[in-house]
Amino acid sequence: VSATVFLEFWKRRRAVLTYDWDLIDWEDEEEELRPQFEAKYSKLERVNPITGKPEPFQPFSDKLSRLMVSVSGIFFMISLVLTAVFAVVVYRLVAMEQFASFSVNFIKKYWQFATSGTGVCINFMIIMSLNVVYEKVAYLLTNLEHPRTDSEWENSFALKMFLFQFVNLNSSIFYIAFFLGRFAGRPGKYNRLFQRWRLEECHPSGCLIDLCLQMGVIMVLKQMWNNFMELGYPLLQNWWSRRKMKKGGHAVEHKITLPQWEKDWNLQPMNAHGLMEEYLEMVIQFGFTTIFVAAFPLAPLLALLNNIIEIRLDAYKFVTQWRRPMPARATDIGIWYGILEGIGVLAVITNAFVIAITSDYIPRFVYAFKYGPCLDEGYRHEKCLSGYVNSSLSVFDLSELGEGYTGYCRYRDYRAPPWSSNPL
């Protein structure tokens, strides 16, 4: 609901800005062709049915083949992300056994939190390493397509960067939300990876704890890293430039007398892709605050605090660290609005699955209305959940292990007990 309300209010805000800047009747003039497109297809021309002038033409077969190569590259990079997630899963399985048998009692007692915490940190380092590769790959794949105009190039590049970043940041979160602990098995019949490591289970309090930890660490570290790259990196670059000028024989007194335009020229140029990184950061943040907000309700608050700080950091960056950007007219934010709408639809589906599958929300209601002490009264008080934990645990006979153990143990599942007529 919040995602839909946000998008509707943004459409109203966009209409106000379009009116204030007198862009209601403004239409983009016929965009000029990219020089790379003209150089590639200058020998293939056709008459434009609108202007009646000959122009370079890209055959459909050539466009389709290049598009297929680009899509194949995208799927390859996505598969690389999934491979990295699998590697982290294997690490968690190995670390789980090591932490459980650790000599330090504190780590041995909280081995699940230790496994999740170290796994999240390793996953974050992999995410940031792959982000460096993704931008270069997206740039190469977009140039390989040979888009006709600059706007087509920007839309294609933005879509690739969003897909790469989204899968990179959220693949491990989706794994924890919907796959962690689903295939672990049960006592006496545990599933093992490579016949060696037992598959990981959720924390006894539920999978939401692991999901909340994963989202919290990734979101906080990602925001801190983005703020450093937006302000700290230009500061270091400008400091290095001033240092080189000083070593080159430029005295401080002479530097003060430089004209303002020369001082501005010594600042860092704006990103060649314009505001693409700013849009991408906000869209990814929008995904964090909507897709799994049922599992991590603090995400909107963290996003708000980050944006309050980032407004001032961006103002300082644009005024003191970057050269003045070239202005450009636009009536909307382009392809980013369509991406936001897609995230809104995905958020509804994902939160529904989190409530239905990952959380105990529905099992609690089923117990309260059908099995609890308030069977005929409805769900009115906390006492209606009395006995819910006991009802959610199954019984296992330790003698079935065949290792000399006796007695019973309890585990989270819904199975008939060993003494029933049809044990499961």
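Just so you know, glycine gets a Cβ as well, placed from its N, Cα and C.
TrEMBL annotations: computationally assigned, not manually curated.
Among the features that TrEMBL reports, domain 'Anoctamin transmembrane' is placed at 2-373.
Sequence-distant contacts of the transmembrane segment (67-91) (same chain, at least 6 residues past either end, Cβ-Cβ under 8 Å): 119, 122-123, 126, 130, 133-134, 137, 140-142, 144-145, 160, 163-164, 167-168, 171-172, 175, 193, 197, 200. According to TrEMBL, the feature transmembrane segment maps to 67-91 (among others).
The transmembrane segment feature in TrEMBL is assigned to 111-134 (among others). Among residues of the same chain six or more beyond the transmembrane segment (111-134), those with a C-beta under 8 A of the stretch's C-beta atoms are 77, 80-81, 84-85, 87-88, 91-92, 95-96, 99-100, 102, 161, 164-165, 168-169, 172, 200, 203, 210, 213-214, 217-218, 221-222, 225.
Per TrEMBL, transmembrane segment is recorded for 162-185 (among others).
Beyond the ends of the transmembrane segment (206-225), by six or more residues, the same chain brings 113, 116-117, 120-121, 123-124, 127-128, 169, 172-173, 176-177, 180-181, 284-285, 288, 292, 295-296, 298-299, 302-303, 306, 354, 358-360 to within a C-beta distance below 8 angstroms of the stretch. TrEMBL lists 206-225 (among others) with the feature transmembrane segment.
What TrEMBL lists as transmembrane segment is 283-305 (among others). Listed as Cβ neighbours of the transmembrane segment (283-305) (distance under 8 Å, sequence separation of 6 or more from its ends, same chain) are residues 2-3, 6, 162, 165-166, 169-170, 173, 177, 208, 211-212, 215-216, 219-220, 222-223, 336, 339-340, 343-344, 346-347, 350-351, 354-355, 358-359.
Among the features that TrEMBL reports, transmembrane segment is placed at 333-357 (among others).
Beyond the transmembrane segment (333-357), the same-chain residues lying 6 or more positions past its ends with a Cβ under 8 Å from any Cβ of the stretch are 3-4, 7, 10, 14, 151, 154-155, 158-159, 162, 177-178, 211, 279, 283, 286-287, 290-295.
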